[in-house]
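Asks: What follows is a single structure, and I will ask about it in a moment.
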Amino acid sequence: MTEITRRNTLKLMSGAVIAGAAFSAMPRMAFSAGKITVLNWQGYGTDEAWSIKAFAEKTGIEVVHDYYSSESEMLTKLRTNPGAYDLVVLNAARCAQATAEDLLQPIDFSKVPNAATIDANLRSNANFLKDGKGYAVPWVWGMTSLAIRDGMPVPDSYKVLADPAYKGRVAMDDDAVICVAAGALMTGQDMNNPKDLGAIRDALKSIKPNVKLLWSTEDQWNKSFAAKEFDLSLFWSGGSVRSKRNSKLPVDFVVPKEGGIGWVDGLGIPASAPNAEGALAFANWLIDPTFYLEWATKVGAPASSNSAALASLPADDLSRQVHKPEYLKTMGIMSALPDDRREAFNNLWQEVKAFYAE
Amino acid sequence: MQNDNLTSASERGPSDPRVRRPLPSWVSTTALLMPTYGWLTLAVFLPLLTMLVFSFMAATPMGKAPIVFTLKQYRAFIDQPYLIGIAFTSLLIGFWTTFACAVLGFLAAVALARSTFGKTRELLLILILLPFWTNGLVRIFSWTMVLRENGFLDTIFHMVLPDAGSIGFLYTRYAVVVGLVHGYLPYMILTCYIALVTIDDAIIEAAASLGARWWTILFKILVPMAAPGLISGAVLTFIPVIGSFMEPRILGGRVGVTMGTVIEDQFTQAFNWPLGASLSFTLLAVVLAIFGTFSGVLRRGTAA
């Protein structure tokens, strides 16, 4: 904790005061210097009461929240309320969209000392970058990959989904983007921009004899897995940890050689943020091992982008075992899809489902 | 004329019921219909109209994207021919569900109307309505526990035949039909019951005393006379079943793909409201066409 010294804090606070004074000259822009507004999903890490209290004691910055209930709502709020938010939690795919619309400002990573240990693969993800500058601090990540019943042979490729050994024992995630991505990885293509949709269609159709059900909620997955309806499935990394920890299900999460189908949430600063300094301090706090350890062990959290934070978890922590840093090397990250490609993915999956149902 | 009415009304004051002249009939008709039609406009017509407009758009209106009108959503059945198979499956599921509901519901209604009286009948009616008191999702999930391999059905079956294989049929179309029949049977029983209680007992006694067997009474008297109930029950069942998505999704597993689930996917997953709306309206047109084709039969049925 050398980075948050009193001097640094004072520097930061005086910076905030100056910025505040500059802004308070404008009408209808009343805010206190030591205050930041965070835009996030409700109950997603940033609004834990104990953490906000500790952060305020440490830095004197008060954190208030506004919430969104869908990603499109988040973008709308950024577009229509300039100057209202200092920090926004957004998915990598949405980050690319927001930077394209000039809604975010580049991050001054020198003010986020914890970012030094952020995994390079996450930090250099194209979705966070524009003109070589980072527009969001990678925060937490997770992935969709294979889950298999304990004791069965560990698969090394997504091609196992079509293996006749699993006849009638496979469950698929009823999500067009995920399934098309799995099909792309089965056929050796880029999951975000596959060139040969026909091959993906054939690969997914070839799974038909194995497919027992399509799941759409984690609860449904748990119930069916507990009832031994299937042995192999596309599943979420975080979901597998919860199934194992809360429901004691004998599930093993496997990332085959093609890599996981990953997602990353980042912390962005709106272009119009009144208190960017305070927001950077809070972003630094959110990837800090101290905060993360408490969040992950007491509340439950996705994997931190900060390797140091992830390594601070106890060695027997299930989340740490599932989210191994080496997976980040092979993991593809879901990018923003243009409308026509998204529509093509959805139509493809709909066609495959109709084929399954025949 | 109207002015005269007004003056006399104000002179009489509002509290004189005896000499009030009747209002023209259209006034009272309009006044009585206004709340219903106003509500229908607000709750049914306007949202439906919005969806109709949506169905002609190229993409869901959102953000700053310009709105483009197109007819391509209505070409879905040509561009994606597998949808025809799904639509056929939906109609088939609708047909079998309606058929099973009609047989079971009619027999239950006959039993209810002809063999029970007073308290027993009330109790049975309540038992029939009982499924309506629980949430539909709860009912469907309880079926998964009954129908799955090593579920309740298997357990009971294995008590009788311990070595037999599984007879659980979760994740098949039969499971979907079972769940749907369970959900929509009360409609059929109630409509048939209402039609059956109006049949005069004397007609059946006359038939019996003239030597008619039970099946003659059932098919020559009860079914034709209760046809209006059967038909309205069938309409009430068929239409929602074709659009159902929860039952196929949970009980159908891999085979649970129907027009209902396709439309739901367009709204929730694909975020393609225009396509979802156009598919809904196409389905509505198909249903109307089916009822149009059989309207002659229906009219004869209701007239009987």
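Each Cβ is built from the backbone N, Cα and C atoms, and glycine gets one as well.
The annotation region 'Disordered' is assigned in TrEMBL to B:1-21. The compositional bias 'Polar residues' annotation in TrEMBL covers B:1-10. If you look up TrEMBL, you'll see B:37-60, B:81-111, B:123-141, B:184-203, B:215-239, B:275-298 marked as transmembrane segment. Look at TrEMBL and you will find B:87-292 tagged as domain 'ABC transmembrane type-1'.
Show me how these features fit into the shown structure, please.
Replies: Counting same-chain residues at least six beyond the ends of the transmembrane segment (B:37-60), those with a Cβ under 8 angstroms from any Cβ of the stretch are 67-74, 271-274, 277-278, 280-281.
Under 8 Å from some Cβ of the transmembrane segment (B:81-111) lie the Cβ atoms of residues 128, 173, 176-177, 180-181, 184-185, 187-190, 192-193, 195-196, 218, 222-223, 226, 229-230, 233-234, 237-238, 241-242, 248, 257-260, 262, 279, 283, 286, all in the same chain and six or more residues away from its ends.
Residues 108, 112, 116, 179, 182-183, 185-186, 189-190, 193, 246-247, 250-251 of the same chain lie 6 or more positions beyond the ends of the transmembrane segment (B:123-141) yet place their CB under 8 Å from a CB of it.
Within its own chain, the transmembrane segment (B:184-203) has Cβ neighbours under 8 Å at 97, 101-102, 104-106, 108-110, 112-114, 125, 128-129, 131-132, 221-222, 225-230, 232-234, 236-237, 240-241, counting only residues six or more beyond its boundaries.
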